[in-house]
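Have a look at the structure below before the remarks.
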Amino acid sequence: MDIVILAVVIAVVVLGALGGLIVGSRRKKPLPPPPPAAPDITAPPTEPHVGEEAETPREEPRRTIEEVDLPGGPAPVVVEEPPTVEAPPIEIPEPTAGRLIRLRARLSRSQNALGKGLLTLLSREHLDEDTWEEIEDTLLTADVGVQPTQELVERLRERVRVLGTRTPEELRGLLRQELITLVGPEMDRTVHTENAAGGPGIVMVVGVNGTGKTTTTGKLARVLVADGNTVVLGAADTFRAAAADQLQTWAERVGAHTVRGPEGGDPASVAFDAVKEGKEMAADAVLIDTAGRLHTKTGLMDELGKVKRVVEKQAPLDEVLLVLDATTGQNGLIQARVFAEVVDITGIVLTKLDGTAKGGIVIAVQRELGVPVKLIGLGEGADDLAPFEPEAFVDALLGD
Ligand SMILES: Nc1nc2c(ncn2[C@@H]2O[C@H](COP(=O)(O)OP(=O)(O)OP(=O)(O)O)[C@@H](O)[C@H]2O)c(=O)[nH]1
């Protein structure tokens, strides 16, 4: 019996073990299928990630292109940029009052050698003949001109002799007075930009190209706008399109209006239109920038003469400003002579005084033309044009 029971138990155990094996093998079989999901093997861990990441950027450009296409090409990008360019439209120029004081440091820097040189020579214990000659040379080197130099030296000699013993302060005072006298404090340096008859003041700006004529016209427009005037600019320098562009840029910066013609067009007709528009707009001033090439004197005469005649058909010229580059020294004087023969110069603008130690040209050119220096250029900056003031000029020369 026991044997029978034992046989049954063994049979049950054996069957149970076999059943477990069968179930186990059945469980393992479904597992292999996952391996076939082995395409993962073709795409090793890194690649699928790259693929997944790549999908996102791919979608982004597609969206952008769609968005750009729909509103009409790349226009939105272009439209967004111009407002930033147009953003700084109208500037408020610095007031003109006290400009020379602000720019005095620049003037001192360029002209101080002259003043210092003279003061050093004058403070020598013995003012002998050699010293006076050195004083003369210093003045001549600074382009003061022969006649004015001799006058200054004579007057100084006389005053030093009368004074007897002298302190550096006294000498400085004497020199200051004599220099101011030489520069001409009594000259009327008003830039006439108003018209007595009530129309716009008409200013013609002449000078050789490169002297800073266009820049000066632009700077002057700023000065006038700063003082509350409305200004029209006439780009009658039609020889170079860039000159008209340059002028227009200056005008746009302060909200002034520009009248221009085609490149190579008739300068007189641009000047005419500028005055006409200035009158129609009831502007306060019309500034006309001319080309004034010194190819031949006859050519210059023809051109400027015609501009002048045509403008004066509508209104008289209130101011004719001659722009001279202070760094050109004697050349500037020759130019001044030629222009003075062609048009009636009423004022001189001396540019680039920040770039030369030869500030004496102020004195020489006034003597040459009998016309006052009214404005001076002391840098390339938009507000680096100042009314000329003899005292401030001489003080900058002598330093503090
Ligand atoms: N340092 C300095 N540079 C100046 C001054 N005035 C003008 N300039 C520079 O001189 C150069 C010539 O100036 P323009 O105004 O173009 O001369 P332009 O006589 O009108 O010559 P075109 O434009 O050819 O008719 C420019 O680079 C100006 O910035 C000044 O007072 N000081």
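Backbone N, Cα and C atoms are what each Cβ position is placed from, and that goes for glycine too.
Nobody curates TrEMBL annotations by hand; they come from automatic prediction.
Quick look at what TrEMBL annotates:
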REGION    25-81  region 'Disordered'
COMPBIAS  49-66  compositional bias 'Basic and acidic residues'
COMPBIAS  71-81  compositional bias 'Low complexity'
BINDING   207-214, 289-293, 351-354  GTP binding site
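Structure with TrEMBL features highlighted.
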residue	record	contacts (Cβ under 8 Å, 6+ apart)
G210	GTP binding site	D325
T290	GTP binding site	M204, V205, V206, K213, A236, D237, P267, A271, E303, L304, V307
R293	GTP binding site	V208, N209, F239, G299, L300, E303
L353	GTP binding site	L107, S110, Q111, A326, G359, I376, G377, L378
For T290 (GTP binding site), name the DSSP secondary structure in the helix/strand/coil scheme.
strand
Taking 10 A as the limit, how many CB atoms besides its own sit near the CB of G207 (GTP binding site)?
29
So which of the binding-site residues G210, T290, R293 sit close to ligand 1, that is, with a CB under 6 Å from an atom of it?
G210
Look up K213 (GTP binding site) in the DSSP assignment and report helix, strand or coil.
helix
Where L353 (GTP binding site) sits in the secondary structure, as DSSP reduces it to three classes
helix
